[in-house]
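Copied over from TrEMBL:
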DISULFID  Cys77-Cys87  disulfide bond
DISULFID  Cys92-Cys98  disulfide bond
SIGNAL    1-26  signal peptide
Amino acid sequence: MASPATSSAILVVVLVATLAAGGANAATFTITNRCSFTVWPAATPVGGGRQLSPGDTWTINVPAGTSSGRVWGRTGCSFDGSGRGSCSTGDCGGALSCTLSGQPPLTLAEFTIGGSQDFYDLSVIDGFNVGMSFSCSSGVTLTCRDSSCPDAYHSPNDRKTHACGGNSNYQVVFCP
């Protein structure tokens with residue numbers, strides 16, 4: 001059996017390792033509609049989707065360790081009381097709360113929430129449907145107002161991914 005001193009030392013090492021591994025926190029995404037029309041933002045793999053009237057804001061918490069996350073705006077949507085319907089752009093299988101990626105055209109904010117660094121970008125590879133800006137609390141703001149957006153990926157070979165300090169929060173603005 002280990003001595004009390006050895007057991008205490010092992011406990012301290014395990015505690016420090018646990019705290020170091022748990023250093024990444026959830027990120028808060030604040031999504032704002034500055035358009036003159038309603039946008040139905042969607043977010044996967046967490047968040048789902050909802051209606052966002054002009055001037056409204058939606059906040060979602062994205063857990064640390066989330067990879068391949070996406071936020072996009074849907075336009076021209078109509079849903080019934082059960083959340084079934086369709087959108088002219090960005091539709092995700094006719095659901096208000098998306099579990100699938102949207103259908104083109106759609107302007108995408110893409111992200112990975114990790115440990116000491118997060119990564120984020122804008123993409124118009126699948127087309128452009130609504131102006132968007134995307135920023136993290138410790139990085140640059142990326143803005144797309146039209147399909148020629150210089151801040152966005154236009155093809156998979158573009159190098160437009162940005163790093164952000166871990167434990168950052170994010171802003172998505174439609175019609176910046």
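Placement of Cβ uses the backbone N, Cα and C atoms for every residue, glycine included.
In this structure, the CA atom of Cys77 (disulfide bond) is 11 Å away from the CA atom of Cys92 (disulfide bond). Burial estimate for the disulfide-bonded residues (Cys77, Cys87, Cys92): highest at Cys87, by number of other CB atoms within 10 Å. Less than 8 angstroms from the CB of Cys98 (disulfide bond) sit Ala42, Ala43, Thr44, Gly48, Gly49, Cys92, each of them six or more residues away in the same chain.
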